[in-house]
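Taken from TrEMBL, the feature compositional bias 'Basic and acidic residues' applies to 465-484. Annotation comment: TrEMBL describes 34-444 as domain 'Cation/H+ exchanger transmembrane'. Look at TrEMBL and you will find 456-514 tagged as region 'Disordered'. Annotated transmembrane segment per TrEMBL: 23-43, 50-70, 90-107, 152-174, 183-202, 222-246, 258-276, 282-299, 311-332, 344-367, 388-405, 417-442 (among others), in sequence order.
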Amino acid sequence: MSGPDGSVAAPVEDLEGVEASEALAIMTQMCLIIFVFIAGYLLERKHVTFVSEAAVGLLVGVAAGGAAFAFTHKFDASAYGEWMNFSPDFFFFALLPPIIFDAGYSLDPKLFFGNFDAICTLAFLGTFVSAIIITTLVFVMGLAGACYELTFIQAGLFGSLISATDPVTTLAILGNVRADQNLYYLIFGESVLNDAVAIVMYQTLNEFQHQKFSVGSLGKAFGVFLMIFVGSCLIGAGFGLLSSLFYRFAQFRQREHYDIVEACLLVPVPVAAYMAAEGAGLSGIVSILFCGIVMARYTRQNLTKRTSENSLAFFKILARMSETFVFIYMGLSLFLGHQTFDMWGMWVMFVIAFLGMLAARVCNVLPGVALVNMRRSPESKISRRHQIFVWFSGLRGAIAFALAMKSTDDVGDEAGAVIFSVTLLIVLVTVLIFGGLTPLMLKKLDVLDKSSPYSPMAAGDSDDERPLGGKDHQSDSETKRDMSSVEMSDMRGTPESYVTSVELRSDAGSSDTPLRKFIRTASGKLSVQEIDKGLHKVFVSPQ
């Protein structure tokens, strides 16, 4: 059957068959999500801690991927296999944004900014150290013929992506155990910023993929890195502040029956921040993270209590669904991806990279924490037990996996397939083994949060007073309180609690902290209290 231009049109039966395969693939994915949620619920009820919901998602994905592989080859259902496969674009534009935004939107600023010096040290300096060590090790061993040989830029891309301690995996594992809240936010904050740094490093090095790389290129690469990171921060914070201004002057709190409109106007803001950064050639993940942090600090104070609670629940549900999707997709890709497990050099590279990853984690955690402790008072220093657990919690997951999938297009078929295969194996080992041992390590190191039966990120999920999916930031007593007088001080915890006290009250007279000194230096005579108070006057309507 020919079309008007003489081309042969596809038979209607073929199109219907493709649509049926796509519908079957989507239905299969929905069933897998339901199964993982039910399995995770039952494991939690039975207090099974060595198998996390993330591990269940991976294993279910592996089983489903094997079945899909057999099905597509036996019945020649290529459309079904394509829809069941992992797509980097789908991950970066659909699954990752709600996860990262929820992380910023629901975080506790007391604990996050209280550990900001350690978080930035580990996320920036630590990621650079880790990437350099892994890049050098893989490149040199490849030149020596001990493993698959990569070019220096290819080794750098691999070192960058495998240095990402993934927030998706970290949140999924630590969010279901009673980790000390201060420790949780240190690891969580490091993983989110570290992930952003790793993505920007990957993007920067990829710019030099087809250029001659020299020592002089390092300065240019560093400049590109700073431009991407700072530009992304400004875009995200800008969208967050604009939303705060809008909600301040819209005065929804003085108008009844507009809560649906109020909520609908809130949802597109982080999406716009993410896409604006991506469209500008910057980092969407950095943009949406800082958009979430700014909106949590200012925009949420302008919302009605009902919309505030519902927004927390809505973004939490989106993030949870996306996390589950991610782990299932990673499992599916074991059979349906671009892996190559029949090369001896790949297996040697996996062993070298895995051992190098563990060594690099030691080399960035211990010196980094030592630098932080030099500036802290004795009672706020990070203890040795906490340092050991920070090293242990360097889980690799969806971010490294998605970048490895992207590398199959960036560096070529064979080298890309090797990088993807090594990354996939490292992700499986860290999630299944390290993730499964996390509760045991928490007990052995005695860094459990004995004061609360709930996970730190879900603090506020109790059945009595707090809304679904997050802490009630605006209780009756808090509604009348001026948010410019929020106090960030040490939370309850173990004697080794290392949260640096940071008070944002304008009348606070406490001693300086590294964060306060940094902000004062950057802003001249203004103090952090005055900056925060001024921002509240501009962006938050009076209570």
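One is the number of the first residue shown, and numbering goes on along the chain from there.
Here the Cβ of each residue, glycine as well, is placed from N, Cα and C on the backbone.
The shown structure was predicted, so the numbers you read here are calculated from the model rather than taken from an experiment.
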Next item on the list: Examine the transmembrane segment (388-405) against the transmembrane segment (282-299) and state whether at least 3 Cβ pairs sit under 8 A, considering only residue pairs 6 or more apart.
Entry: no
Note to self: I'm a bit unsure how to read this: which one of 23-43, 50-70, 258-276, 344-367 has the highest number of Cβ pairs shorter than 8 Å with the transmembrane segment (311-332)?
What the structure shows: 50-70
Check: Where else in the chain does the transmembrane segment (282-299) make close Cβ contacts, counting only residues six or more beyond its ends and a cut-off under 8 Å?
Finding: 92, 96-97, 100-107, 109, 112, 192-193, 195-196, 199-200, 203, 228-229, 231-233, 235-237, 239-241, 243-244, 247, 266, 269-270, 273-276, 473, 535-536, 539-540
Check: Are there residues at least 6 beyond the ends of the transmembrane segment (90-107) whose Cβ is under 8 Å from a Cβ of it, and what are they?
Finding: 167-168, 171, 185, 188-189, 192, 270-271, 274, 278, 284-285, 288-293, 295-296, 300, 311-312, 315-316, 318-319, 321-323, 325-326, 329, 398-399, 402, 405, 457, 469-471
